[in-house]
Amino acid sequence: MLDANPEGYTTADGRKIGGVLMEMRNITLRFGGVKAITDISFDIREGEIRAIIGPNGAGKSSMLNVISGFYVPQEGEVWFHGQRRAPMKPYEVARQGIARTFQNIALFDGMSVLDNIMTGRLTMMKTGLFSQALWWGRAQAEETEHREKVERIIDFLEIQSIRKTPVGRLPYGLKKRVELARALAAEPKLLLLDEPMAGMNVEEKEDMSRFILDVNDEFGTTIALIEHDMGVVMDLSDRVVVMDYGKKIGDGTPDEVRANQAVIDAYLGVAHD
Amino acid sequence: MFYREAGDFKTSYKDDSQTFPIRFDRRGYYAALLLGFAVLPFLLNDYWTNAVFIPFLIYAIAALGLNILVGYCGQLSLGTGGFMAVGAYACYKLTTAFPDINIVFHILAAGVITAGVGVLFGLPSLRIKGFYLAVATLAAQFFLVWLFNRVPWFYNYSASGQISMPERTVFGIPVTGAQVAPWAGYLVCLAFVVLLAWMARNLTRGATGRKWMAIRDMDIAAEIIGVNPLRAKLTAFAVSSFYVGIAGALFFSVYLGAVEVGEAFGIEKSFAVLFMIIIGGLGSIFGSFAGAAFMVVLPVLIKLVLVDSWGWPTDLAAHIRLMIVGALIIIFLIAEPHGMAQLWRLAKEKLRLWPFPH
Amino acid sequence: MVLPDQVLFAMEAALNGLLSGVMYALVALGFVLIFKASGIFNYAQGVMALFAALTLVGIQQGQVPFADLINLIPGVEVHSFGWTVPSVLAIVLTGLVMIGMALIIEALILKHLVNQPPIILFMATIGLAYFLEGLGDTMWGADIKTMDVGLPQGMSGTIDNVTNAWFGYGFYVDQLNIVATVVAAVLVALLMLFSQYSKQGRALRAVADDHQAALSVGISLRFIWVLVWSIAGFVALVAGIMWGARSGVQFSLSLIALKALPVLMLGGFTSIPGAIVGGLIIGIGEQLFEFWVGPLVGGATENWFAYVLALVFLVFRPQGLFGEKIIERV
């Protein structure tokens, strides 16, 4: 149904989804003899919230790592913006406009919240070393300009009061939020969220869901996320890829996936008789 | 009472990111500058200038440099002595080859040359990390000292194998050589310190500093958010070596005047500077100064107390000093890994609220 | 057999290099033990060897510890108890001192630095090195001492005769180096047996594998730490005796021990065979390099050769010869 509309589609709640932003073609990833991902293909469309789900060890995180350039697959192609992506370093991928958060929070503990979020804009800061050392007009102006952008994100995620707190002192839920802020600061075209709600209580989960929807809505950011909480996934996402043992076993809207027999088997177990 | 930020509102991001956001700190800083430039040169006698103030200033530069590499970028180096030697020998070769050019430019050029050497030895930092890298920097330390000791071109084929600094002037006043007045050397060092500390502060509060700290705190995450790790590390090596090179050049030209490389820039020097930043505070500009001051004053103090007033033998006092330094390193690492700078910060946080802590 | 002089000289250099390589390996072993069991890169290993050697000589000669300090009391003048202690007894006593040191290090330093990043622990051991150096000097004085525990020294007649018969040129090999080689081989064998077959050895390997898991099956981490630091102290004692007998007990002994670091970088920090092979490569390599290249560049290349070799090597194989490849994860 979806593939028939190369120009995109309109969701039930009336959001316009565009053409293909990123496409994975026949990706296979091996660690030594172990296959983490076997021949998986799917696409992510502009403006949509795309979820990757599956039981533990299904290869979801590996998939995210392939997208963000941390792992290079042995087989298959990654297409971004209609171009085949040559194998590149993670920092080059980041400069193409892909930002992410991590399953086990990867913030810079020695820095303040503000500085952490400012690191999200490093790829956009261009003043030279010498000019920075002398703090000349340009370096200072650039710092202020980016600070303003970052302050908007701080407002958006409601973390004004902890701006200058060292990240190491924050509770878990807030750390997750700061990490999201850092990823948003990069103004990514594609935002990858690795279990954004893992380890949160119900209230924190609701907050986070709201932020994810708002990001998608207000900035039009395309989002790909991994999540365990099925309820959350089904509410949030437009389309879902289901993985099990490194293979794709389902792909479609939440309703379609829910009705898929292979998915039900993978999640509930199947009687082998 | 005087130390507070209430009523001291910031209305722009520029004001908010300044170095001393609290008015009292700002005034203290200007007062210290005034004291250093305009008052101290008249007050200090030769002993205090030569034994305490000049080495303090020079070590502060080296500590700033090493702190950029270790404290901000997280790359441990044990090659500081070797890099100081590069600065010293570069300065010597330049000033003997081009005696008419002002010594200040030679010192800066020595820093640039050291930066180049630092980048060269920093290249392996992409592949190796942590104490592996620390051991690798020992290669720089031993190789460089050997080089300056064994290749006669570096010491202009002098019979003693030493290098000695000819007289050079700034604004017509001798700052190096036998005739130098201590206050002149002191002012040259002070000028370099102020300039370099200000630059270090600017670098560490901006984009470059954030790249370094990101690499230090979690290198993989830094790379994934778009920091090129090799570039960030090499920049740190370059800037750090620039500072260390200038420190080496000053140490040779202004402080010692004549140098035998193994003695002046041996591995002991590497450790001395490392200890300064551990005790002073890793990742802190103020800490570099505090640590340098501490490590310079400690031996003087020990000599004053143990040798001069209690009449202990000098070598015994030296052994006791080793024990004290070693013990202090361990104590600081256990009790306050961020060093004296953190103690100072905590004291200030208390002061802000004083005398009404609630 | 008639070989050109140059080849013979090179062979002699290589043989001597091989034997000093064993000495490097001996020091490197101490590093590997501590690193495996606690993840600590013990910079103080070299100074521990110096301290052990100083203590051994001091006990043997009946020196009064802290004599310089005691003599500060007006009217007191002590230097020696006036007796000498037999070598074997002195070695045992020094061994006890090293065990005592391990206990103190565990209680005063390691216990407080659990879960710190390795780089902090590394810097703490640098502090420890300084402290021990100062302590050794304060206890026993900083003058150069000769170590005499009855090890044979001087040219080995056997090797001289044999090589003379073979090549018509007698190799100069110090008997001490041969003894050191034998001792190192025995020590390595003992350590391997200990770690394979004793209960404590199994606990040690368990801790090396996974701290948390080892704790959960009831292994006491603190006991293990005291154990490895004691063994490392014992290895330091042996290394101190060998090096001390060779070139006198003085500060440079701790610097020679620094050469164990490049040995480890070659061999990998976690591998006992690696420490031995690395030691041999460096021992032979630096002798041959000095023999061939040294004269061209002014000599004394053994000051840096090991480090630069290790540096170059690391760039191509960061985990060392025998280390395990590290897979990075997010």
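Using the three backbone atoms N, Cα and C, a Cβ is placed for every residue, glycine included.
Automatic prediction, not curation, is the source of TrEMBL annotations.
The transmembrane segment annotation in TrEMBL covers C:13-35 (among others).
Per TrEMBL, the feature transmembrane segment maps to C:42-61 (among others).
Long-range neighbours of the transmembrane segment (C:81-105) within the same chain, counting only residues 6 or more positions beyond its ends whose Cβ lies under 8 Å from a Cβ of the stretch, are 48, 51-52, 55-56, 59-64, 128, 148-150, 226-227, 229-230, 232-234, 236-237, 241. Marked as transmembrane segment by TrEMBL: C:81-105 (among others).
Taken from TrEMBL, the feature transmembrane segment applies to C:112-132 (among others). Long-range contacts of the transmembrane segment (C:112-132) within its own chain (CB-CB distance under 8 A, at least 6 residues past either end) are made by residues 39-44, 46-48, 50-51, 105, 221, 254.
Non-local neighbours of the transmembrane segment (C:176-195) in the same chain are 16, 19-20, 22-23, 25-26, 29, 33, 151-153, 156, 159, 201-202, 204-205, 231, 235, 238, 242, 245-246, 272, 276; each lies 6+ residues outside the stretch with a CB under 8 Å from one of its CB atoms. TrEMBL lists C:176-195 (among others) with the feature transmembrane segment.
What TrEMBL lists as transmembrane segment is C:223-243 (among others).
Feature annotation from TrEMBL assigns transmembrane segment to C:263-284 (among others). Under 8 Å from some Cβ of the transmembrane segment (C:263-284) lie the Cβ atoms of residues 14, 17-29, 31-32, 35-36, 41, 188, 191-192, 208, 305-306, 309-311, 313-314, 319-324, all in the same chain and six or more residues away from its ends.
The feature transmembrane segment is assigned by TrEMBL to C:291-316 (among others).
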